[in-house]
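The feature domain 'HTH dtxR-type' is assigned by Swiss-Prot to 1-63, with sequence analysis given as support. The Mn(2+) 1 binding site feature in Swiss-Prot is assigned to Asp8, Glu99, Glu102, His103; the stated evidence is sequence analysis. The Mn(2+) 2 binding site feature in Swiss-Prot is assigned to Glu11, His77, Glu99, Glu102; the stated evidence is sequence analysis.
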Amino acid sequence: MPTPSMEDYIEIIYNLIESKGYARVSAIAEALDVHPSSVTKMVQKLDKDQYLDYEKYRGFVLTSKGKKIGERLVFRHELLEEFLEIIGVNDENIYDDVEGIEHHLSWNSIDRIGDLVNYFKDDDSRVKDLKKVIKESDQQVNETAEK
């Protein structure tokens with residue numbers, strides 16, 4: 001199983017390859033706000049652990065194992081963003097919140113969150129009811145804060 005740091009790299013590499021057809025060390029370093037030498041070290045580790053095939057000066061590609069993990073990590077990230085949106089988290093907080101929690105949830109928890117997201121998506125009235133509850137809760141918090 002990859003470490004949280006390895007997951008971050010695999011997710012970025014997967015997204016870059018999906019969007020551009022390739023992933024360069026410089027783009028990965030920029031996306032993760034790390035030094036290119038750190039990316040090179042991690043790429044070598046991911047190669048050793050068979051998540052990607054790396055040839056010095058020639059680049060790298062994800063292995064089938066790396067692609068499978070990458071797909072699952074992107075799914076997890078998107079699912080958590082959707083979940084936080086449904087439960088009314090402010091848009092400006094969603095990305096950072098997902099980054100803060102995604103590595104700390106088991107896949108069982110992710111699957112249950114997926115079930116919950118599907119439950120809400122299956123019937124728009126459920127989302128409306130939840131938004132009503134959130135609005136009432138926010139009003140109570142504001143009233144309490146004003147006292």
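Even glycines carry a Cβ here, placed using N, Cα and C.
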Tally of residues which DSSP labels helix, strand or coil - the domain 'HTH dtxR-type' (1-63): 38 helix, 8 strand, 17 coil
Spatial separation of His77 (Mn(2+) 2 binding site) from Asp8 (Mn(2+) 1 binding site) - C-alpha basis, Å: 11
Residues that sit under 8 angstroms from Glu102 (Mn(2+) 1 binding site) by C-beta distance, when 6+ apart in the chain: Arg76, His77, Leu80
Mn(2+) 2 site, defined by Glu11, His77, Glu99, Glu102: further same-chain residues with Cβ within 8 Å of the Cβ centre: Glu7, Asp8, Leu73, Arg76, Leu80, Val98, His103
Cβ neighbours of Glu99 (Mn(2+) 1 binding site) where a neighbour is any other Cβ within 10 Å: 12
Other residues, Cβ within 8 Å of Asp8, Glu99, Glu102, His103 Cβ centroid (Mn(2+) 1 site): Pro4, Glu7, Glu11, His77, Val98, Gly100, Ile101
Cβ-based isolation winner (fewest other Cβ atoms within 10 Å) among the binding-site residues His77, His103: His103
